[in-house]
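Have a look at the structure below, then the notes.
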Amino acid sequence: MAKLTSSAGVVAASSLIIICCCCVLVVVHAGQPAAAAADDDGVFERTVFELVNAAIRGNATVDGDPRVGPALIRLLFHDCWVNGCDGSVLLDETPADGTRTEKTAAKSIGLAGFDLIDTIKSRLAAAASCADILAFAARDAATVLSGGRIRYAVRRGRGDSVSSSAAAADAALPGPDGNSSAFAFLEEAFAARGFDKGDLAALSGAHAVGVSHLPSFADRLPPSVAAAYQINGTYQRALVARQQTTTMEMMPAATTTMMNNVRDMDPAFRAASSYSGVGVDTSATGALDNSYYTANLQNMVLLKSDWELTQDDDTLARLVAYRDDAARWAHDFGDAMERLSSLRPPAGARLEIRDNCRFTNMSPGRAVVHALTSFLRKRYHQISCLLNSFIEGLM
């Protein structure tokens, strides 16, 4: 029996040595810049735009994915709305918060675009903060999706946060739970960040593109919601029918999505909803334009927070104005996005320029310990099973 214990000890020690070596290699590699520094603002802006444009539209070497654009715009909102524009939404884990970072918050369901931010960071290396990359990427996504109609200025100079909290994100962001979608909550949250009701109406126009995941709009599907005139009844029935179809296809609720804009649904769905596309280019699928306001004023919106905008007289008047004047909306949206991109972290917040947008920077010694601890925590079960199997084989 002593022999078996000794053998298991050798295996455990060997495994630990291998793990430690792997962790050191990972840390050393992560500290090396992926490309030469790009200090010139012109190089920075061209690089971000080229990669964002290629990701959305595609080029000779890559296929485009229109979903990337809305994802980047939403990612910026989630970042800047929680303690300012500091790249905290990009973190996978931090020493202080562990893995319960903003991207794991309940209200962050469906966040995407992280891989593209990583790609841009690898091209620009140490010269670019992750928060700056995200701010410029979202701006360029808005420009591409709007066909050049939305343009606004963004300046560099943001730092990257070393902390990120899922609880902070769930407390700050609008959502279907509790009162966080109520107009009073929205108005107060916007005012606290220097935005008025007009800005709220303008920024909500981003819902002309992208998708929502089922947990974000499940509260809109019960018949009682239509009975209370909080959603168009024919639109709701079309949503329920489509949802039942996806359920029959065994789609998990967390991955089930609907297009934010009824304009972007297929013709059969639009017909079933009795959607009126008067004044809307229904062929412009995925275009960031003022078509959201046409949908909202027909009470055909997925999110309760969108419907809430119609319950305030001043905001309702702004919705009508934006529906009727696309140029005014594009201008106001760009202006609000520029100010959103300039929200600062709290005074005294610790900032850095991250080497990797998903992790904070640390001293080499601390990084080895942190990487080893993280690796062991995630792999403990696998290692235990491996050792148990080995011991059982010897017995």
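In case you wondered, yes, glycine gets a Cβ from its N, Cα and C as well.
Any TrEMBL annotation is an automated prediction that lacks curation.
TrEMBL records a disulfide bond between C130 and C357, which is the match among C357, C385. Highest Cβ count within 10 Å among the recorded positions C80, V82, C130, C357: C130. Cα spacing between P174 (substrate binding site) and H78 (active site, proton acceptor): 10 Å, rounded to the nearest whole number.
The Ca(2+) 1 site is set by D79, V82, G84, D86, S88; from the centre of their CB atoms, other residues of the chain with a CB within 8 Å are C80, W81, N83, C85, G87, V89, E102, A131, S161, S164, P345.
Here the candidates are the disulfide-bonded residues C85, C130, C357, and by Cα distance the one nearest D79 (Ca(2+) 1 binding site) turns out to be C85.
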